[in-house]
Amino acid sequence: MTQLAIGKPAPLGAHYDGQGVNFTLFSAHAERVELCVFDANGQEHRYDLPGHSGDIWHGYLPDARPGLRYGYRVHGPWQPADGHRFNPAKLLIDPCARQIDGEFKDNPLLHAGHNEPDYRDNAAIAPKCVVVVDHYDWEDDAPPRTPWGSTIIYEAHVKGLTYLHPEIPVEIRGTYKALGHPVMINYLKQLGITALELLPVAQFASEPRLQRMGLSNYWGYNPVAMFALHPAYACSPETALDEFRDAIKALHKAGIEVILDIVLNHSAELDLDGPLFSLRGIDNRSYYWIREDGDYHNWTGCGNTLNLSHPAVVDYASACLRYWVETCHVDGFRFDLAAVMGRTPEFRQDAPLFTAIQNCPVLSQVKLIAEPWDIAPGGYQVGNFPPLFAEWNDHFRDAARRFWLHYDLPLGAFAGRFAASSDVFKRNGRLPSAAINLVTAHDGFTLRDCVCFNHKHNEANGEENRDGTNNNYSNNHGKEGLGGSLDLVERRRDSIHALLTTLLLSQGTPMLLAGDEHGHSQHGNNNAYCQDNQLTWLDWSQASSGLTAFTAALIHLRKRIPALVENRWWEEGDGNVRWLNRYAQPLSTDEWQNGPKQLQILLSDRFLIAINATLEVTEIVLPAGEWHAIPPFAGEDNPVITAVWQGPAHGLCVFQR
C-alpha cells in the first residue's frame with residue numbers, strides 16, 4: 001500500500017501537481033487525522049496525515065489523480081461542554097473541496113450525536129470530496145469594472161431566472177449555461193443591467209426539516225461546501241465549473257459583471273441536533289462561536305454562527321473569496337447576514353476579516369456588498385461597515401413603500417432616502433453608491449405582490465403562515481390577491497410605476513429583483529425560500545412587455561442624468577438637485593414636515609421629477625423653461641410641451657428642458 005509523504009501545509013484543500021495530490025486540513029484540537037480515499041469499487045483506504053505544521057495537518061499521496069474521491073476522519077476528544085465533538089466514525093467533507101460526489105440527504109447516520117457520540121460508521125452513505133484539476137482557457141476575458149455610479153444590479157436565482165424561458169433550449173434551462181445564452185444576455189443588455197447578482201451558487205444542502213416535509217432549500221442559504229459549485233445548476237455536475245465560467249466569460253464580453261451572494265455566517269450543520277458534514281467534526285471549537293455551556297451562539301437564526309474572528313477561520317473565508325475571484329473571475333460579493341463578519345463578538349469595523357479583505361490586493365478591488373445585520377443584540381449595523389463596503393439600504397425600501405403605499409411618510413424623510421440616505425452613509429469617505437437602494441429582494445414580497453397583498457400568504461412553507469415578516473408596508477388597493485377590476489389594475493400599475501421610478505431615479509446604487517420588471521408574483525408568499533416550483537420560477541410567457549419597456553426606459557434615462565451617475569454627494573447650490581413645491585418654489589420647513597405629498601425634484605438643472613402622492617388630481621406648476629415629458633412618460637415622437645402638469649392621484653412624471 002502506498003505511503004503518504006509529508007507534503008506541504010499550503011495551500012488548503014487537495015491539490016494535484018501532475019505527480020500526485022497534496023492534502024491539507026486545519027484542526028487546532030485534533031489528535032489525529034485520517035485521509036480516507038475511495039477506489040472505483042467504493043473500497044475505503046485510510047492514511048494518517050503525517051505532516052503537522054502548527055494547526056495544519058498535511059500529507060502527499062503519490063500517483064493520486066484528479067477524480068479521486070476522498071474524505072477525512074478526525075480523532076479528538078468528545079467533550080460537548082467544552083465545544084469538542086470529534087467522532088472518527090463519521091466521514092467528513094474537506095471545507096475546501098472543489099467538487100462533491102453524493103447527496104446531503106436526511107439520514108440518522110449523518111448525525112454525530114447530541115450528548116453522546118453516535119459511533120455508527122457512515123462512509124457508505126456520506127458524500128465524498130473529489131480531487132479536481134483546473135485547466136480553463138479564459139481567452140481575453142477582462143472584468144468590466146463598471147464604475148459604482150453607473151452600476152445597475154439585477155438580483156436573480158440561477159434556476160428560477162431561466163427554467164421557464166421559452167426561447168432558451170430546454171436542455172439548458174435553469175442552469176449556469178443558460179445565464180450565458182445570447183437570449184438572456186440580450187435581455188439584460190436591453191434592460192440596461194450592468195451587474196447580475198446571483199443567489200448562492202456554492203454547494204448547499206436542504207435542511208432535514210424541509211426534506212421531511214417534501215420541500216427543499218431553494219434559495220441556497222445553507223452552505224455545505226463553500227469552494228464547490230452547486231451541482232444541480234449544471235447540465236453535467238462534472239463540468240459545472242467550466243459551465244459557470246463560460247457564462248461569466250459571455251456576460252463579461254457583454255459588459256455585465258457577476259456578483260455572488262455568499263454565506264459566510266453559518267453552515268448547513270445547523271444546531272446541535274443538525275447533521276454532521278464537516279466543520280463540527282473537524283474543529284467545532286475553532287470554526288463556530290461557542291457558548292460557555294458548549295452550545296452555539298445562534299446569531300444567524302440558522303442554529304450556528306461561524307467564528308470569523310478566529311485567525312484560521314479568517315484565512316479560510318479569505319481563501320474562499322479569493323478562489324471565486326481568481327478561479328471564476330467573479331466581480332464581487334453580496335454577503336449574507338454580514339454583521340457576523342464583524343463580530344469579535346461585538347461588531348467592529350476593524351474586525352479581523354474586514355482587515356484581511358482590506359489588505360488583500362485581490363479582494364480589495366472587487367465590489368463588496370453587505371446585508372448589514374444579523375439577529376443578535378447589536379446586530380443592526382446599517383451605515384457602520386468599513387468604507388470598502390456598500391450596504392443594502394432597508395431605510396430606502398421602507399421609505400419608498402411607506403410614501404407610495406402607506407401615505408404616512410413626510411416629504412423630508414422621502415427626500416433623505418432619495419438622496420442616498422446621506423444621514424446614514426455620508427461618513428468615513430464613503431460615496432453615495434454605498435447605499436444599495438432596493439424596493440424588493442428575494443426575501444419578501446415581489447413588487448407586484450406589494451400592490452396586491454396586505455398580508456403574507458406563506459401556508460405552502462409548512463409553518464402555518466408563521467414564517468416571514470409581517471412588516472411589509474404593502475397595499476392591496478382594496479382587494480386581497482391578484483386580478484380585479486380595470487380600475488384596480490390601473491391603480492396597482494400606477495403604484496408599481498411610482499415605486500420603480502423612485503428606485504431607478506434616486507441617488508445611490510439601484511438593485512432590481514428579477515421578475516419585478518415584468519410583473520412576477522409569488523401569490524403573496526414573502527418567504528419563498530423552500531419553494532422550488534412555479535411560485536418562484538419566472539414565467540416569461542406571462543411577462544408584461546409594457547412594464548419591461550417602462551423599466552428599461554427608466555434605466556436608460558438614469559444613465560443620462562449626471563447627478564445620478566457622477567457618484568458625488570449633493571451639496572446646496574451645486575446644481576445637482578433642487579427641491580421644489582407644487583408652485584416651483586423651494587420647500588419651507590413646514591412643507592418638508594407637514595406639507596402635502598407633492599414635490600418636484602430638479603436634477604442636473606435639466607431633468608424634473610414631478611410627484612403628486614395625494615388622493616386628488618393636482619396642478620403642478622413647473623419651473624421656468626420649456627419642458628417636455630420624456631420616456632417612459634411620453635412617446636419620443638410626440639413630446640408634450642407644458643408649463644403646468646395635471647398630476648393624477650398617486651402619480652408622477654419626468655420632464656426634460
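Just so you know, the numbers here start at 1 and follow the chain as drawn.
Keep in mind that glycine also has a Cβ here, set from the backbone N, Cα and C atoms.
Just so it is clear, the model here is predicted, and its values are computed rather than measured.
Record features, source Swiss-Prot:
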ACT_SITE  ASP336  active site, nucleophile
SITE      ASP443  site 'Transition state stabilizer'
REGION    458-479  region 'Disordered'
COMPBIAS  458-467  compositional bias 'Basic and acidic residues'
Candidates ASP336, ASP443: member of the recorded positions with the richest Cβ shell (10 Å): ASP336
Residue pair ASP443 (site 'Transition state stabilizer'), ASP336 (active site, nucleophile) - Cα distance, angstrom, rounded: 11
Residue counts (helix, strand, coil, in that order) that DSSP gives for the region 'Disordered' (458-479): 3 helix, 0 strand, 19 coil
